[in-house]
Amino acid sequence: MVFPIKWSTPPMARCQHLRRLLSSAAARVAAPVPAWRFPQSTGTSAQSARIRELGRVGRLSEAREVFDAMPFHDIIAWNSMISAYCSNGMPDAARSLADSISGGNLRTGTILVSGYGRAGRVRDARMVFDGMPVRNTVAWNAMVTCYVQNGDIALARRLFDAMPSRDVSSWNTMLTGYCHSRQMVDARNLFEKMPERNTVSWTVMISGYVLSEQHGKAWDMFRMMHYEGISPEQPNLVSVLSAISNLGNLKILESIHVLIHKAGFERDVVVGTAMLNVYTRGVSMLDTAVKFFEGMTVRNEYTWSTMIAALSQGGRIDDAVAVYQRDPLKSVPSRTAMLTGLAQCGRINDARILFDQIPGPNTVSWNAMITGYMQNEMVDEAEELFNRMPFRNTISWAGMIAGYAQNGRSEEALVLLQALHRNGMLPSLSSLTSSFFACSNIEALETGKQVHSLAVKAGCQFNSYVCNALITMYAKCRNIGFVRQIFDRMAVKDTVSYNSFITALVQNDMLEEASDTFDNMPSRDVVSWTTIISAYAQADQGNQAVEIFRSMLQERELPNSPILTILLGVGGNLGACKLGQQIHTVAVKLGMDSGLIVANALISMYFKCGSADSLKVFDSMEERDIFTWNTIITGYAQHGLGREAIRIYQQMESAGALPNEVTFVGLLHACSHSGLVDEGREFFKSMSCDYGLTPLLEHYACMVDLLGRAGDVQGAEQFIYDMPIEPDAVIWSALLGACKIHKNVEIGRRAAAKLFSIEPSNAGNYVMLSNIYSSQGMWDEVAKVRKLMKEQGVNKDPGCSWIQIKNRMHSFVTGDEEHEQIHDIHATLRELYTLLKAAGYVPDTEVVLHDIDDEQKESSLMYHSEKLAVAYGLLVTPKGLPIQIMKNLRICGDCHTFIKFVSHVTKREIDIRDGNRFHHFRNGNCSCGDFW
């Protein structure tokens with residue numbers, strides 16, 4: 001998609017003037033007012049106060065009407081209107097107004113510096129600052145604050161050091177910068193050098209430690225303040241309560257409660273609400289929170305809204321409604337918290353009723369309702385409400401753009417960004433980052449470049465949030481050159497920046513560089529670990545992913561649910577049940593084993609490892625979603641337990657869960673591997689007739705496999721010709737596989753011809769056709785296939801099997817000579833052949849693709865990878881112990897017969913997971929019933 005607007009760069013002399021005109025148009029500013037001398041009357045104070053009040057709630061049009069209706073303007077009125085624009089993200093409109101009075105006074109310049117700083121436009125702020133004829137300490141502080149707000153701590157410190165004079169606010173501003181960037185060592189050094197401190201200084205330090213998750217140090221800092229005889233005040237009490245909420249130490253909570261009482265803050269509603277916040281942090285403490293809430297003698301609108309929000313987020317929406325109904329004021333924050341809670345739990349209609357009952361809802365309420373619609377994927381309703389808003393602020397625009405992007409309507413997100421720009425407004429940081437996300441979704445590189453240009457014009461191209469979004473966008477569009485440029489030019493690189501860069505490298509198949517970047521990160525968070533572990537897992541380097549996880553634990557970083565899910569997937573893919581059990585133990589210790597995502601991953605892992613523990617996990621789950629049901633059905637299908645899969649499906653229907661396309665793929669796969677032809681036909685019919693689901697290629701492939709395996713090869717071929725969609729390689733491969741099983745040369749030749757055309761480099765297709773020919777003794781045809789493979793440069797994938805013994809994975813390839821105990825393995829195999837032949841085993845030489853004598857064929861069959869793995873398992877494990885083996889390809893017919901005899905003669909349980917399914921060998925029989 002190409003963005004419909006071209007943001008060309010005007011000549012430098014006109015650039016600033018154009019920006020101001022754009023924002024001024026949005027604010028409906030009249031023609032510039034001529035400069036004049038400011039009246040000295042104080043009669044404008046009421047109107048100025050009204051302008052400031054309207055500006056605080058985003059009602060700029062009304063504020064401007066009040067301003068324009070004033071018979072004369074003093075400097076307070078001008079600055080009030082300028083401040084209103086700046087507070088609502090329109091610093092260019094403010095600058096245009098300031099130019100009308102030749103820049104105003106010292107206060108005017110300081111307001112503009114702060115406004116540009118809040119909008120992320122550091123360069124514009126610096127231009128205003130440098131252009132001020134006179135600067136006081138407040139102006140210097142505003143410029144330092146601008147650098148701090150936008151993450152450029154180095155420039156902030158340089159300006160701080162250059163200040164002609166400093167007050168305690170200057171020191172606190174610089175201290176805030178270090179704390180916000182989590183540079184707590186530098187913050188502590190600066191704190192110790194302060195010539196004087198006030199309670200703000202202590203509060204900033206406490207808050208900084210909280211922000212950097214050093215909650216113990218935050219508590220120590222508060223105690224130090226107390227020991228120095230400084231009485232606690234409301235702000236630092238609120239900050240230290242935030243630290244205590246993360247320490248989880250009830251004794252500390254009790255001690256601070258006593259201190260609050262002694263300091264006379266027990267009736268302070270703000271401190272009380274902060275205490276309530278501590279209790280509402282965990283779902284397990286909600287009852288305690290309710291008890292504390294009921295004991296509060298004074299409550300304000302935020303106390304009520306905090307309790308309502310906590311109960312809503314804790315899944316107790318009915319209790320939240322009960323608290324809301326008791327709220328005597330039912331203030332806008334309470335109503336907004338209630339409608340937000342209703343929307344989050346899916347009761348969007350109730351949320352809308354509540355919204356409609358709010359008398360004169362403010363912009364916050366409108367934004368909350370729009371967000372609720374977006375969260376419930378009701379984009380059209382959100383759009384209708386947005387169009388009806390009497391006043392919109394930057395959050396309104398940003399919320400709509402984000403909602404479009406997150407709900408798969410990225411083009412509309414970009415159209416709305418265009419509308420915002422057309423209205424003369426420059427987008428906020430949130431609008432820009434959401435727009436980059438929209439470009440990422442549709443991989444719209446050219447559009448992304450145009451939005452990037454807009455970010456440059458807005459002066460926030462160096463903002464860390466914008467840079468991180470740009471890295472993600474360019475990575476998704478496969479432009480790694482731009483990714484490097486942005487990352488290298490970032491003045492401030494936080495952990496998120498590094499994580500975004502590592503993700504970009506991984507997406508562009510640069511794993512080694514991603515690993516180096518990870519190793520050189522100044523600090524890491526759980527997202528960093530998740531990204532690199534996931535990268536190695538996706539690159540089929542599961543062992544390295546596990547090693548990184550061990551390093552993570554050694555560094556005392558706790559894993560999150562995604563990491564556990566990834567590692568469970570690694571364990572399942574490797575068939576490493578012991579690894580999976582170890583990850584399961586970690587999940588139990590961290591209390592994550594009952595979460596839906598982890599529990600589903602546990603079921604999948606145990607199924608892939610052939611363990612019955614999958615059923616134990618399933619039975620213990622209190623909550624199940626569609627992924628749970630699909631995982632258990634697919635698991636049974638992989639094990640050839642078709643009847644069990646159908647039973648679970650019936651249980652799913654009884655539970656009221658609706659199946660999806662994946663459910664029916666699992667069911668058809670289960671029927672195919674169990675020979676349940678009639679049942680499979682019924683499920684194929686049911687998915688469209690009963691549930692309105694359109695069959696996809698995967699479903700047609702299952703049906704071809706079902707018919708072909710059951711022996712109806714001609715019917716399977718006709719089914720393909722009758723399909724309403726074009727068959728793909730998977731479908732023709734299913735037909736070719738059926739021809740191999742039933743030795744149908746003619747249909748097999750036709751299926752192979754299709755496959756050679758669709759995927760000429762897939763060796764498996766050539767091998768299957770060769771198997772069909774060799775089974776009929778058609779050696780000339782076998783030779784032709786082998787010649788064709790050579791001409792096409794196709795090489796057959798070697799068969800590989802592996803077995804885990806004492807936390808070590810042993811792998812074997814066909815004809816392996818490399819294993820340290822290979823001579824003992826060969827000797828064991830020869831002994832087995834003697835025993836098995838005496839028991840009736842006859843090698844199936846039809847699977848050998850060479851025209852050689854039977855003795856040579858038997859010799860080549862003896863050293864298949866799965867036979868080597870079975871022999872090694874018998875050699876090194878105690879008698880009677882089950883043996884589990886993984887194989888990359890489909891097990892051949894001879895090996896299948898061989899292992900059946902082994903299970904009978906040795907009385908061993910042998911489980912093999914091949915490229916298609918599980919085979920459980922018990923007492924000479926296989927769970928597949930020789931139907932695979």
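Glycine is treated like the rest: Cβ placed from N, Cα and C.
For 840-932, the entry in TrEMBL reads domain 'DYW'.
Among the features that TrEMBL reports, repeat 'PPR' is placed at 74-108 (among others).
According to TrEMBL, the feature repeat 'PPR' maps to 136-166 (among others). Shown for the repeat 'PPR' (136-166): DSSP residue counts in helix, strand and coil, namely 23 helix, 0 strand, 8 coil.
Counting residues of the repeat 'PPR' (167-201) by DSSP class, helix then strand then coil, yields 26 helix, 0 strand, 9 coil. As annotated by TrEMBL, repeat 'PPR' applies to 167-201 (among others).
Within its own chain, the repeat 'PPR' (300-334) is flanked in space by residues 269-270, 272-273, 276-277, 280, 283, 286, 289-290, 293, 340-342, 344-345, 347, 358, 361-362, 364-365, which lie at least six positions past its ends and keep a Cβ under 8 Å from the stretch. The repeat 'PPR' annotation in TrEMBL covers 300-334 (among others).
Within the same chain, residues 57-61, 88-89, 332, 335-336, 339-340, 342-344, 346, 348, 351-352, 355, 402-404, 406-407, 409, 425, 427-428, 430-431 sit at least 6 positions outside the repeat 'PPR' (362-396) and bring their C-beta atoms closer than 8 Å to a C-beta of that stretch. Look at TrEMBL and you will find 362-396 (among others) tagged as repeat 'PPR'.
Annotation source TrEMBL lists repeat 'PPR' at 494-524 (among others). The DSSP breakdown of the repeat 'PPR' (494-524) into helical (H, G, I), extended (E, B) and coil residues amounts to 22 helix, 0 strand, 9 coil.
Applying DSSP to the repeat 'PPR' (525-559) sorts its residues as follows: 26 helix, 0 strand, 9 coil. According to TrEMBL, the repeat 'PPR' annotation covers 525-559 (among others).
For the repeat 'PPR' (625-659), the residues of the chain that approach it from at least six positions outside its boundaries are 596, 599-600, 603-604, 607-608, 610, 614, 618, 665-667, 669-671, 673-676, 679, 687, 691, 693, 913, 917-920, 927-929, 931-932, judged by C-beta separation under 8 angstroms. What TrEMBL lists as repeat 'PPR' is 625-659 (among others).
Annotated repeat 'PPR' per TrEMBL: 660-695 (among others), in sequence order. Within its own chain, the repeat 'PPR' (660-695) has Cβ neighbours under 8 Å at 626, 629-630, 633-634, 636-638, 640-643, 645-646, 649, 652, 702-703, 705-707, 709-710, 712, 917, 928-929, 931-932, counting only residues six or more beyond its boundaries.
Helix first, then strand, then coil: DSSP counts for the repeat 'PPR' (362-396) stand at 26 helix, 0 strand, 9 coil.
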